[in-house]
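Here's the structure, in structure tokens; my notes come after.
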Amino acid sequence: MSGEASASTAATTPTAATTSTTPRTSGRRRVIVLRHGQTDDNARGVWQGQVDSDLSSLGREQARDAAGALAAYAPSVVVASDLKRAAETGAEVARACGVPISYDARWREIHVGQWAGMTTEQVSSEFPEERLRHLRGEDFVRGVDGESLSDVAQRVRAALDDLLDSLPPGQTAVVATHGVTGRVVIAELVDLDRLTAWRVLGGFGNCHWAEVVEAENGWRIQTWNASA
């Protein structure tokens, strides 16, 4: 599973990675959901949640590379989580594309409560039942006093509605966010049940992205886990 503790796993072994291609779909809006670059906690396999970690030197390099690739999509706006690792990643994209960026706490990673700062091994040892529920893909509050996927979806849905309300036809937006939150964003966009999405969609690698394109009857995933 990506984005929570296994942010480190997704950083090194992304699921179903694809090669990005430059889109040319006239008139249809596009949302690119980008996971932040690597942090030192990612590399160590530490659960971060809403701990405000900086990008590592590799993460900053990943952000620059992703920014160069995403410039080909000519986004008109970048929005980002206000947590530093996503904010810094989004800022690189905005700089490369010459577009504005805004920061919003609603794009933050899932709050993992008491699991924050723990390795996966520690979580499995101290919270064995919860860890099993996590592995089964159940929706529950992480780390006793954190968030559930439903909690994340509620705040993400509001942020997504605001973004789409302001995105003109034919324009592209980049959302610089986190592993778990990014998958929730995709599920909300394509109207896929969250638990189904959780089992079907693989995790994001660091500075990997999904491209979601507006169609006549909704939104569809065009690329998944693409990278520079």
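Using the three backbone atoms N, Cα and C, a Cβ is placed for every residue, glycine included.
TrEMBL does not curate its annotations; it predicts them automatically.
Residues ARG35, HIS36, GLY37, GLN38, THR39, ASP40, ASP41, ASN42 are recorded by TrEMBL as substrate binders, and the candidate that the same record lists for that site, out of ARG85, ARG95, ARG106, is ARG85. Cα-Cα distance from ARG35 (substrate binding site) to GLU109 (active site, proton donor/acceptor): 10 Å (rounded to the nearest whole number). Residue environment of ARG35 (substrate binding site) contains 36 other Cβ atoms, counted within 10 Å of its Cβ in all protein chains. DSSP assigns ASP41 (substrate binding site) to a helical segment in the three-state reduction. Cα of THR39 (substrate binding site) to Cα of GLU109 (active site, proton donor/acceptor): a span of 14 Å.
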